[in-house]
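Engineer: Per TrEMBL, ATP binding site is recorded for Gly10, Ser11, Gly12, Lys13, Ser14, Thr15, Arg119. Here TrEMBL flags Ser14 as Mg(2+) binding site. Here TrEMBL flags Asp32, Arg56, Gly79, Arg141 as substrate binding site.
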Amino acid sequence: MKIVLLGYMGSGKSTIGKALAQYLQCDFMDLDAYIETEQGMAIAELFKAKGEIFFRREESRALKAVLAQNDSLVLALGGGTPCYGTNMDDILEHATTSVYLDMSIPALVERLTHEKAQRPLIAHLADEELGEFIGKHLFERRPFYRKAAHIINCDDKSVAAIVNEIRNLLQ
Ligand code: S3P
């Protein structure tokens, strides 16, 4: 069984993925962490050293490799993963299910204001530019995210409540 979690940066994919994997007693994998191990450097460094196009190619390759494995796992994607190449089609074809962790722009702005530094796509932005950037980005990305088998709105919900919703979807 492979459960794929997708959503924008800061939507809680890794936190929720770890809690869900613990409940299901299966492995958790973070696609960014997998790429970091393969490349031997942090994502932010990779963007600086090789650029975003290189990262997107490696991201697609890593996704295909992980989806081809037999193990049961909860997989948290990077925020952009579903939006490039054939990635979303690959997910729909090979994952047991996929869940889009949707959040409103204000909720994402609140989270990401405190977490900009380690995120290469937003590190250069002033706090007051975040809302416009995220809004434009979501306009482009939501059509991909919304192809997921399930959509959960995560605003103002605890990790436990979201994990519970996903558990109900799996029954
Ligand atoms: C990205 C999101 C990041 C990471 C990279 C690009 C994006 O993952 O893959 O910095 O394009 O939204 P998280 O969503 O886990 O922060």
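All residue numbers here begin at 1 and follow the chain in the order shown.
Glycine is treated like the rest: Cβ placed from N, Cα and C.
If you look at the structure here, what lies around each of the features I listed?
Structural biologist: Close to Lys13 (ATP binding site) in the fold, though at least 6 residues off in sequence, lie Leu5, Leu6, Gly7, Asp30, Ala76, Leu77, Gly79, Leu101, each with a CB less than 8 Å from its CB.
Sequence-distant contacts of Ser14 (ATP binding site), defined by Cβ-Cβ distance under 8 angstroms and a gap of at least six in the same chain, are Asp30, Ala76. In the three-state DSSP assignment, the secondary structure recorded for Ser14 (ATP binding site) is helix.
Around the Cβ of Gly79 (substrate binding site), 20 further Cβ atoms fall within 10 Å across all displayed protein chains.
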Engineer: For the binding-site residues Gly10, Ser11, Thr15, Arg56, Arg141, which sit with their CB under 6 angstroms from an atom of ligand 1?
Structural biologist: none
Engineer: Rounded to an integer, what is the Cα-Cα distance in Å between Gly10 (ATP binding site) and Asp32 (substrate binding site)?
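Structural biologist: For Gly10 (ATP binding site) versus Asp32 (substrate binding site), the Cα atoms are 13 Å apart.
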Engineer: Applying a 10 Å Cβ distance cut-off over all chains shown, what neighbour count does Arg119 (ATP binding site) have?
Structural biologist: 16
